[in-house]
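J.: This is the structure, below, for whatever I ask next.
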């Protein structure tokens with residue numbers, strides 16, 4: 001069944017790649033303008049060792065950034081859930097924070113924190129924090145009041161209610177936010193690297209673009225997409241492992 005669901009998208013991608021190859025070769029489009037899929041693959045294969053170094057750096061930034069975003073996002077969501085006053089004070093600020101273009105903040109982060117890993121990690125954290133915090137907050141507040149009253153009538157403490165009622169109810173929301181954050185995270189790291197970095201897929205793209213090596217740029221874009229998909233699937237696998245009952249109900 002899963003193979004059948006994957007077959008159609010794979011067939012569409014393969015068809016588009018073949019058409020792309022035929023059009024580029026048929027119209028004799030210069031490689032530095034639009035490379036063919038075969039040229040992109042060749043660029044990847046020739047630069048695979050260097051790409052491995054850049055991918056490792058980008059994924060390090062992603063891992064640290066997601067870790068901080070999860071910790072901060074869940075903490076803020078829990079604080080909002082504990083206090084209606086905090087919810088009224090903080091929730092609007094979370095929404096307003098999304099109106100600030102992160103790309104515009106990146107140069108300031110370089111000025112404040114230098115060209116090390118810190119600015120890139122902060123950008124990843126900013127990309128990932130909002131969906132995690134908002135979704136987790138919505139999950140914590142979505143618990144049925146009748147269920148909480150039932151546990152209270154049975155003498156459950158607030159900690160037991162949190163462990164047995166609120167957290168299980170919030171997990172699907174948390175993982176929904178984490179899946180969104182995971183797909184954004186690689187892009188966030190690359191945005192940070194565009195502003196200033198020594199290693200990473202972002203600086204690899206900039207250097208390749210400056211040298212008109214468009215095939216290398218495309219290969220980095222493909223790798224970025226694949227990394228985002230892999231992170232999404234990793235979160236999905238973790239979700240299935242932690243919430244088997246949620247998928248059994250479907």
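Any Cβ shown, glycine's included, is placed from N, Cα and C.
TrEMBL: automatically predicted annotations, no manual curation.
Remember, predicted model here, so these are calculated numbers, not experimental data.
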J.: Checking feature assignment: transmembrane segment per TrEMBL, candidates 148-172, 173-197. Which range matches?
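T.: Checking TrEMBL against the ranges 148-172, 173-197, the transmembrane segment one is 173-197.
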J.: Among 20-42, 89-111, find the range that TrEMBL records as transmembrane segment.
T.: 89-111
